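A.B. asks: Mind looking over this structure? Questions follow.
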Amino acid sequence: MARDQLLLALLCLAASSLSAQAAGTDGRKMVGVYELKMGDFSVKVTNWGARLMSLVLPDSKGNLADVVLGKDTIAEYVNDTSYFGPITGRVAQRISRGRFVLDGKVYHLYRNDGRNTLHGGGRGFHKVVWTVKEFVPDCDSPYITFYYRSFDGEQGFPGNLDAYVTYRLSSPYTLGVHMNATALDKPTPVNLLQHVYWNLAGHGSGDVLGHTLRLFASRYTVLDGELLPSSGRVAPVAGTPLDFRTPTAIGARIRQVMGGKVVGYDANYVIDGEPVSMRPVAQVRDGASGRAVELWANQATMQFYTGNWLNNTKGKDGKVYNQYAGFTLETMGYVDAVNHPEFPSQTLLPGQDYKHDMVFKFSF
């Protein structure tokens, strides 16, 4: 058995080496779609925005469905404004007034959300071509690694930054998303995020209000009407519509919540436990299909969003997505931490590394 495992490891290593050689010195920069597959469990990703395009798995009766909202073609993602499935950065979520001060210097960013910067600016990490560094589809744990060099001054951010994202399948029905970044020459804020919309009944199957949700979060970040933590306060979820500490239907109290200027959740939760360690974040279940997902991560907070702004949005396979057609579980550091010294810092010094791990464990 040990000999077989060693042989398998050597084959994986060889496949990884061949993949790197095929990529060339600078890796593959052409935009493509790549599939990772383990039996009846599969995902498709693209290096346009290091994006998760689909995830297919069975339900309790063995019927397969794609549970990720998205588009049919790469061309459709180019003009997508709903952030279907990409990695967002250099700093995800919002930066107040599109500015911050670092080491006494004021930095002005590209503002693409009114007077604020959202998900790294108009051409954030979701709008660039990542390099395919490794693609190892034929292995016991197939994976792909994307790489992007963010240049000094990109969208207003200081310093050069190396960013990596790895998508990996493992048994049984587990997807790992691993984000790493290194500041090369200047201090810079970094806060990456995976922005996939889930519908465990299958994308385009209606709303997710009947899904039951449990969050391992007893506190939330108080956000204002612009979805910014202007007060810097963290408050208990107890007694509020944000309390999902016990399994509760997503739609049970949704009419009591304003996610910015529309009804629905767009809330930032402080995950219980220490952010340096992997720990449970959320559990979601769709009763009709029997599909469930459990999310583990090592970040401080999580943005829970219910697709409040989806409205007759064209999706995959001729489907149309309307309000609440999907939900997101976006683990990250604190929102707008660069402007809030009371929050744990998201600023990297030259040579420092950023590490963000997410593990989605599916069942049915």
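Just so you know, glycine gets a Cβ as well, placed from its N, Cα and C.
Quick paste of what TrEMBL says about this protein:
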{"type": "ACT_SITE", "residues": "HIS195", "note": "active site, proton donor"}
{"type": "ACT_SITE", "residues": "GLU330", "note": "active site, proton acceptor"}
{"type": "BINDING", "residues": "HIS195, VAL196, TYR197, ASP266", "note": "beta-D-galactose binding site"}
{"type": "SIGNAL", "residues": "1-22", "note": "signal peptide"}
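For each listed feature, how buried is it and what is near it?
C.D. replies: There are 22 other CB atoms within 10 A of the CB of HIS195 (active site, proton donor), with all protein chains counted.
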A.B. asks: Over all pairs within HIS195, VAL196, TYR197, ASP266, the annotated beta-D-galactose binders, what is the largest Cα to Cα distance, rounded to whole Å?
C.D. replies: 14
A.B. asks: If you count Cβ atoms within 10 Å of the Cβ of GLU330 (active site, proton acceptor), leaving out that atom itself, what do you get?
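C.D. replies: By my count, 21.
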A.B. asks: Which ones in the same chain are close to TYR197 (beta-D-galactose binding site), with CB under 8 Å and 6+ residues apart in sequence?
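C.D. replies: Listed in sequence order: VAL68, LEU69, GLY70, SER82, PHE84, GLY85, HIS203, GLY307, ALA325, GLY326, PHE327, THR328.
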A.B. asks: Cβ within 8 Å of the beta-D-galactose site's Cβ centroid: which residues qualify beyond HIS195, VAL196, TYR197, ASP266?
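C.D. replies: For the beta-D-galactose site, the extra neighbours are TYR83, PHE84, TYR305, GLY307, GLY326, PHE327, THR328, GLU330.
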